[in-house]
Every structure is written in C-alpha cells, then in structure tokens.
Amino acid sequence: MEPEAGTNRTAVAEFILLGLVQTEEMQSVVFVLLLFAYLVTIGGNLSILAAVLVEPKLHAPMYFFLGNLSVLDVGCITVTVPAMLGRLLSHKSTISYDACLSQLFFFHLLAGMDCFLLTAMAYDRFLAICQPLTYSTRMNQRVQRMLVAASWTCAFTNALTHTIALTTLNFCGPNEVNHFYCDLPQLFQLSCSSTQLSELLLFVAAAFMAVAPLVFISVSYAHVVAAVLQIHSAEGRKKAFSTCGSHLTVVGIFYGTGVFSYMRLGSVESSDKDKGVGVFMTVINPMLNPLIYSLRNTDVQGALCQLLVGKRSLT
C-alpha cells in the first residue's frame with residue numbers, strides 16, 4: 001500500500017490474485033492442466049494458421065477469417081495463462097498495478113476483436129450462401145482487410161477507453177482479487193471511489209460490441225437458414241449447415257460466457273462461478289475453437305496432412 005492523502009491517485013501498488021485454488025496439492029494439478037491446455041491451444045491454432053498460409057485451396061475469405069481467429073485464440077490464452085503458470089511455480093500471487101492494467105487492456109483488446117471478427121465471419125457466410133453471384137466481388141481481399149482493420153481499430157478504442165477509465169478510480173485497500181486474472185467486475189468491487197461512470201461505459205460498450213453484433217449475426221443466419229432450406233441437394237444442405245453450425249457453436253459459447261461475466265456487476269462478491277466462466281473464456285474457448293471450427297473441415301485436415309508429410313512448406 002502507498003497511501004497518498006489529498007490526491008486522486010491510487011494507493012494500491014499491487015494486487016493479490018487469489019487464483020483458482022489455494023491448496024498446494026491442487027495447485028500442482030492446476031499447473032499441469034493449464035500447461036497442457038496452453039500447449040494444445042498453441043499447437044492447434046498455429047497448425048490451422050500454417051494450413052491456411054500454405055494450402056492454395058484455403059486462400060478464400062472464410063479461411064482468411066479463420067486464420068485471424070486462430071491468432072486471436074493464441075493471444076487470448078497467452079494474456080492470462082503464462083502469467084498464471086509463473087505465479088504457480090514461484091508461489092507468488094501478486095501482480096503489480098501496471099501489469100494488471102496491461103493485462104486488462106490486452107484482454108479487452110482481443111475479446112473485442114473476437115466480437116467483430118465473429119460478426120465478419122457471419123457476414124461472409126451470408127454473402128456466400130445468400131448472394132453467391134456477387135460474393136467474389138463483395139468479399140474481395142480489399143474488403144477482407146478493411147473488415148479486419150476496422151475490427152482492430154474498434155477493439156483498440158474500446159480497450160483503451162476501459163483502461164483509462166480504470167486509472168481514474170481509487171484503490172485504497174483491500175487489494176485481494178478473487179480471480180486468476182485482472183478484469184473489470186472484480187476490480188470495480190475493490191475500488192473505494194464511485195464506479196458508476198466505468199460501469200456505464202461497460203454497458204455502452206456491451207451494447208455496441210456484443211448486443212449489436214449478436215443481432216447482426218442472428219439476422220444473417222436467419223437469412224442463411226432460409227436459403228439453405230431451399231437447396232435441393234441433401235449433400236449441399238449438409239455442407240452448408242455443417243459450416244454454419246460450427247460458427248454458431250463458437251458464437252454461442254463466446255457470447256454465453258461473456259454475458260455471464262459482465263452482466264453481473266451488481267453482485268457483492270466474486271464467486272467460484274466467475275472463475276469457472278473465466279476459465280471458459282480464456283482457456284477452454286481458445287482450445288476448443290480449432291476443433292469446433294477448423295479441424296473438422298476436410299480441406300483443413302488435408303492441408304495439415306500435406307504439411308506434416310512435407311508436401312507443403314511454409315517457406
């Protein structure tokens with residue numbers, strides 16, 4: 001603690017992250033599980049990215065967005081898990097105020113990018129299935145890059161806004177965060193100044209970055225389902241529903257966990273449920289996305305096989 005009377009600056013120099021478990025025996029188990037999940041996530045997502053880069057058949061808009069999703073998944077799990085593994089190894093549970101802000105910024109940057117990227121992927125499927133004749137012109141490489149660039153810009157603005165707003169709050173103790181990473185709901189509960197403005201910003205951001213994209217995704221897929229049902233070929237319907245079903249599964253898991261985390265700001269204390277949802281958001285989702293979305297795809301599997309046997313090269 002570094003109290004500064006008469007100023008509006010924080011008095012907390014570091015936070016104590018209570019983590020997932022407190023007993024030493026369980027910490028060893030958690031360390032092994034997290035390390036395994038991290039390695040699987042990195043391996044799976046980098047494999048997808050490599051396949052998209054080297055296989056000409058995968059040089060299509062859908063796979064361009066999938067490659068970007070893989071990069072996001074690697075970033076999302078890297079923001080939280082390596083630091084947690086380090087704390088488990090060193091048996092230190094503290095994180096500095098600046099490191100906490102940095103983790104918060106990058107977490108919201110990547111989560112916000114996820115929102116917009118999933119929306120762009122829904123738009124891509126809408127054009128491919130409902131507007132096939134104009135798909136190649138309306139979803140050309142320039143449009144793809146513009147969608148990704150706009151997504152990064154909006155996500156960066158959102159993350160920076162929340163981070164700056166958090167620096168205006170006073171933290172004068174206690175400094176124990178009942179979580180395994182720094183996030184807004186848990187930090188709001190520790191602030192000894194009013195969090196109304198920060199919470200208002202969070203709800204506005206939720207409307208812009210969660211509700212609006214979710215409505216757009218729902219409307220897009222309503223049109224997609226109507227178009228798919230008009231396909232006479234059973235094989236064509238199956239292929240279309242398979243692609244759309246994978247995307248909707250990812251959307252459902254991502255938005256479901258996000259709503260649970262950020263729509264419960266009125267609760268007095270963080271609970272173990274918040275930690276479980278946090279594990280889903282930062283560990284399980286990035287690990288499952290390659291399996292749900294890409295590794296079930298025969299084209300991706302074929303590209304990975306060629307990469308492994310040396311028929312394709314990254315150079």
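Placement of Cβ uses the backbone N, Cα and C atoms for every residue, glycine included.
With respect to the membrane, Swiss-Prot annotates Ala13 and Val228 as residing on opposing sides. Which of 169-192, 241-264 counts as transmembrane segment depends on Swiss-Prot, and there it is 241-264. Residue with Swiss-Prot feature N-linked glycosylation site, selected from Asn8, Asn45: Asn8. In the three-state DSSP reading, Cys192 (disulfide bond) counts as coil.
Per-site Cβ counts within 10 Å over the disulfide-bonded residues Cys100, Cys192 peak at Cys100. Over the topological domain 'Extracellular' (1-29), the average per-residue pLDDT in this prediction is 73. Distant neighbours of the transmembrane segment (200-223): 112, 115-116, 118-119, 122-123, 125-126, 130, 154-155, 158, 161-162, 165, 184, 244, 248, 251, 255, 258-259, 262-263, 265; these residues of the same chain sit at least 6 beyond its ends, with a Cβ under 8 Å from one of its Cβ atoms. Distant neighbours of the transmembrane segment (276-295): 20, 34, 37-38, 40-41, 44-45, 47-48, 51, 66, 69-70, 73-74, 76-77, 79-81, 107, 111, 179-181, 183, 246-247, 249-250, 253-254, 257-258, 260-261, 301, 304; these residues of the same chain sit at least 6 beyond its ends, with a Cβ under 8 Å from one of its Cβ atoms.
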